[in-house]
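To start, the structure itself, in structure tokens.
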Amino acid sequence: MNQPVMQGVPALNVPDYVKHPRLVAWVGEVAALTKPERIVWCDGSQEEYDRLCAEMVAAGTMKQLNPAKRKNSYLALSDPSDVARVEDRTFICSQKKEDAGPTNNWTAPAEMRQTLNGLFDGSMRGRTLYVVPFSMGPLGSPIAHIGVELSDSPYVAVNMRIMTRMGRAVYDVLGTDGDFVPCVHTVGKPLAAGEKDVPWPCNPTKYIVHFPETREIWSFGSGYGGNALLGKKCFALRIASTMGRDQGWLAEHMLILGVTSPEGKTYHVAAAFPSACGKTNFAMLIPPAGLNGWKVTTIGDDIAWIKPRQDANGKTRLYAINPEAGYFGVAPGTSEKTNFNAMATLKENVIFTNVALTDDGDVWWEGMTDTPPAHLIDWQGQDWTPASAKETGRKAAHPNARFTAPAAQCPSIDPEWDNPAGVPIDAFIFGGRRSTTVPLVTEARDWTEGVYMAATMGSETTAAAAGQQGVVRRDPFAMLPFCGYNMADYFAHWLKVGEKLADSGATLPKIFCVNWFRKDENGKFVWPGFGENMRVLKWMIDRIEGQAQGEEHVFGVSPRYEELSWDGLDFTAEQFAKVISLDADAWKQELALHDELFTKLAHGLPQALPDAKTRLEERLGG
């Protein structure tokens, strides 16, 4: 299946175990366009990982950390211009503009392909093209899908080995004609003969482009995270959400956790929170003192793929997998206090990006310890001391600094996390960061009301001053930056999934809305959060089991004070009233803001949602 050298394109060097002619032809086409110096087919082995890491250390891209402190771990420092996802350079190039909808950037596919062809022509000159085969989800799972990323970044190759099931076994699943999502990535910095490379190559021009109908992803100019690790947001959410729309399943920006009661019964919950709302902390929650015998296990911390199928009793249920195999988490704010399990996961085999380096060869970031070290090398490679930070306000770690760590290292990992069949979902949770208005926890009375809650959820983008509401950014289902098609059609898809389940006689998962972030009149958080969120989770399970009555109000059903377990926590009925109360005037203003969202998404908006809003207004008495 090999091809001769032609037009300056290197030999493809196809390994014997790759038996997929369409894949080989595609690699040849991309190589002819991008003109790399050589092609390497990644096999996912430890030897390959170690070799690529050693090459990056030699190139100055990464530093090996002190093995006595962090075994087999590395620190990469990016270019200061390449530190986060670039939403304004992210495009959904569907055939029709209305299929992308008003919340996505759209360009006509033919026009975009012309632009990309110009950018990618010769873009890998002087570099190695890595062929990175990966499975999103356990190999061979009926819920999983396969992708192949062609990238000129060794940083991408090693991160994809941690974040996905990457390597030779993927070709066994693909066989000779299996489907795969083609992903092409370049840092966009070709090297002339003899030109010295920089430690973190990238290009000021950036494009992250998705073609939903052909299930293709093209990324130019960035070496960072979600822009370059194309299995993550690009495939697992943007492309997969369109696959789910077409095939009747869900690709969601959700953690998945297991909860086991003292009696030994296990439940599974999927929860969607926008960034900076504690998703990873909730996924790795440790129950507090007073809730002995309860256990929380982690299946995933970021993405869930959910497909309906029959269980052993012939009942249709929604089954979920974590399509990833690692955690790509935000480091700042993570500590043994806020997330003990995450810190335990980070002891070895980790790639850190844009955190600070300690004098003894370990890592540090803001929030890791109460007192920072006396001296650090910051994320830009400069000396940093607490005094210089005070003077200049400079952070030691970039606020979006990341860790890439294998999921299997998490102490709270669920024994079923790698089960190809997935786990059955008993409840969905949606939540944002709101200092006022939204109660601690509310259960939707039915699926449509739950979809309404999720469609209108939001988070404050600015710290709210006392008595003043922050600017609320609507982030429907926490999917605003990640939905690969028209958001109004996405709402309709959720309603349809619920209808189909109901028609099959299934018991639908309950839907809850939470808000851990209510503040008092002094601007202080009222609810303690973190492990104490288990008390709310326990009430949800009591509701699933029909053991808690709750109290119905305008917006759904919330717990009575006595229905939550307060053992080990001093939290008064007055404090509880502050986090659970509903202010009618605030809700009238809130519903007016929901109107703004619905006006923006009017094209294709399911009538069920304005109808649900009308019912809420009637209950409010106005």
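Note that Cβ sites are derived from N, Cα and C of the backbone, with glycine treated the same way.
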- From candidates Arg70, Arg85, Arg89, Arg543, Swiss-Prot puts in the same substrate site as Tyr224, Gly225, Gly226, Ser275, Asn400, Ala401, Arg402 the residue Arg85
- Item | Binding-site annotation, Swiss-Prot, GTP: partner of Ala276, Cys277, Gly278, Lys279, Thr280, Asn281, Arg402, Phe530, Gly531, Glu532, Asn533 in Arg245, Arg309, Arg433, Arg434 | Arg433
- Do you know which of Lys206, Lys233, Lys337, Lys347 Swiss-Prot groups with His253, Asp302 in the Mn(2+) site? Lys233
- Message: Just to verify a number: CA distance, Ser275 (substrate binding site) to Asp302 (Mn(2+) binding site), in angstrom, no decimals.
- Response: 10
- Using the structure shown, find which entry in Ala276, Cys277, Ala401 (the recorded positions) has the sparsest Cβ neighbourhood within 10 Å. Ala276
- For the binding-site residues Ser275, Thr280, Asn400, the largest set of other C-beta atoms within 10 Å encircles the C-beta of Thr280
- Task: Could you round the CA separation between His253 (Mn(2+) binding site) and Thr280 (GTP binding site) to a whole angstrom and send it over?
- Result: 12
- Item | Spatial separation of Gly225 (substrate binding site) from Thr280 (GTP binding site) - C-alpha basis, Å | 17
- Query: Where does Glu532 (GTP binding site) sit in the DSSP three-state scheme?
  - Reply: helix
- Message: Given a separation of at least six residues and a C-beta threshold under 8 Å, show me what packs close to Arg402 (substrate binding site) in the same chain.
- Response: Gly225, Phe328, Gly329, Val330, Ala331, Phe352, Thr353, Asn354
